[in-house]
Amino acid sequence: MKVYGDKEVWLVTGSQHLYGPGVLKQVAENSQKIAAGLTESSLVSIKVVAQETVKSPGEILAVAQAANSNPNCVGLILWMHTFSPAKMWIGGLRALNKPYMHLHTQFNAELPFSDINMHFMNLNQSAHGDREFGHISTRLRQDRKVVVGHWATASVQQQIDSWCRVAMGWYESQNLKIARFGDNMRQVAVTEGDKVSAQIQFGYEVHAYGLGDLQKVVDAVTDEQVAAQIETYKKDYEVSPAIFDDEHQFQMLKNEARLELGMLKFLTDGGFGAFTNCFENLTGLTNLPGLATQRLMQQGFGYGGEGDWKTAAMVRIAKVMSKGREGGSSFMEDYTYHFGAVDQVLGAHMLEVCPSIAAAKPKLEVHLHTIGCRNDIARLIFTGKTGPALCISVIDMGTRFRMIINEVDTVNPPQELPQLPVAKALWEPRPNLEIAASAWIHAGGAHHSAYTQGITVDEAVDYAEMAGIEAVVIGADTTVRSFKTELRHNAAYYHLKDGV
């Protein structure tokens with residue numbers, strides 16, 4: 001079974017009737033072999049299914065319509081084995097509402113120089129057939145991924161898998177529902193946004209619920225369910241002995257187990273893949289969920305604090321895109337700085353950082369929480385894994401959306417942080433904190449982000465391209481001057497692109 005189960009990508013091969021039944025039979029056989037090779041590859045995380053070779057405008061339109069209506073098809077790989085006149089593709093490409101990747105490949109890797117003849121030349125025409133197809137895609141102003149190289153090589157298969165993961169992210173975006181418990185943190189700007197515009201742009205729905213709706217489900221959780229959940233905690237984490245020695249702390253842990261099980265039922269029953277809450281809206285709940293939120297993220301749900309539904313969506317989408325990979329994804333906040341020989345950012349939040357990014361087995365402890373509400377709250381404490389990561393922020397610009405991506409390198413803290421009982425990660429932004437923070441602020445990036453070690457910069461940008469939004473990258477080569485120029489150019493482009 002592939003990572004993404006019954007989801008699939010269709011390989012659609014273009015040709016034309018001109019070549020006759022013999023060539024078309026060989027084209028079909030080769031397409032089946034390529035699809036089978038990709039499906040069997042350990043580098044490709046999704047099933048690739050070859051469709052019948054399309055040879056006319058009607059056949060192209062039919063396969064586009066079939067893809068649109070098939071719930072398991074998340075995207076198409078298009079390839080011209082022979083020459084396929086591109087005017088035939090206009091109707092189908094305009095009708096297609098799922099993403100496609102243009103695979104510029106050839107069935108054979110090498111030319112049989114001593115034996116090559118015109119039959120071989122007629123059969124293997126992707127070198128110019130794909131150029132014809134590329135022309136009409138550009139003429140139609142369709143954004144798409146182009147992957148070039150022999151289909152059987154590891155490099156090409158990795159690129160194909162990367163795109164397939166983005167297609168899965170886009171599929172999730174189209175079907176995602178986000179539950180908002182309460183509202184945004186009062187007077188905060190960046191967590192606001194136009195939810196109707198977001199649904200039009202990204203596909204996901206945002207639904208608001210009063211705390212009473214959640215409270216009913218939480219209160220219905222039984223003591224037996226809570227006891228069983230605490231046994232799970234004992235297996236998964238290093239639980240502080242003080243919790244079981246202190247009746248008050250043990251009650252705080254039981255509160256958290258009840259919150260987790262109640263929220264899980266609410267989200268599962270409602271078909272939600274992400275959620276938000278706010279420490280200013282807790283009426284009816286025992287406390288701001290800490291451990292509960294962390295565990296729900298670990299189970300795959302997206303989360304955004306203080307009502308930040310855009311970040312909640314991005315965390316969920318990053319988790320879907322990175323399924324089966326080593327790196328985790330979490331809600332995160334740029335909390336405080338270390339100005340030293342190398343400037344660093346300490347990322348954390350009040351409680352809600354996902355243990356999928358933990359470097360070691362998390363500790364489960366109860367500590368006093370003093371922001372917004374004053375409660376002892378159970379939470380997981382850990383430090384993030386070292387290595388490359390991304391901080392991704394999606395913001396509402398008023399008339400459009402922008403994605404800001406900062407490449408960072410997560411490092412080990414130089415000392416222990418015994419007085420900081422929260423999950424955290426310490427990172428060094430690329431190219432450095434001075435430039436990265438300046439660029440981020442110029443771009444209007446949020447103080448929250450989707451922090452991920454599971455997807456690449458190219459995958460984040462490809463997702464933004466599928467969504468039709470601006471993406472700007474702050475990385476090793478960024479300068480503030482060039483970045484500001486890019487923002488100005490992008491402002492003009494995105495203002496004009498749909499009308500010129």
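The backbone N, Cα and C atoms fix where each Cβ goes, and this holds for glycine too.
As the structure is a computational prediction, the values presented were derived from the model and not from experiment.
What Swiss-Prot lists as Mn(2+) binding site is E306, E333, H349, H448. Packing around H349 (Mn(2+) binding site) is summarised by its Cβ count: 22 other Cβ atoms lie within 10 angstroms of its Cβ, all protein chains included.
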Cβ neighbour count within 10 Å of E333 (Mn(2+) binding site): 23
Cβ-centroid neighbourhood (8 Å) of the Mn(2+) site, E306, E333, H349, H448 excluded: G304, G305, D308, T311, F331, M332, M350, E352, H447
Nonlocal neighbours by CB distance (under 8 Å) for E306 (Mn(2+) binding site), same chain, sequence gap 6 or more: N184, M185, V188, T191, T276, C278, F279, E280, H448
C-beta crowding around H448 (Mn(2+) binding site), within 10 angstroms: 26
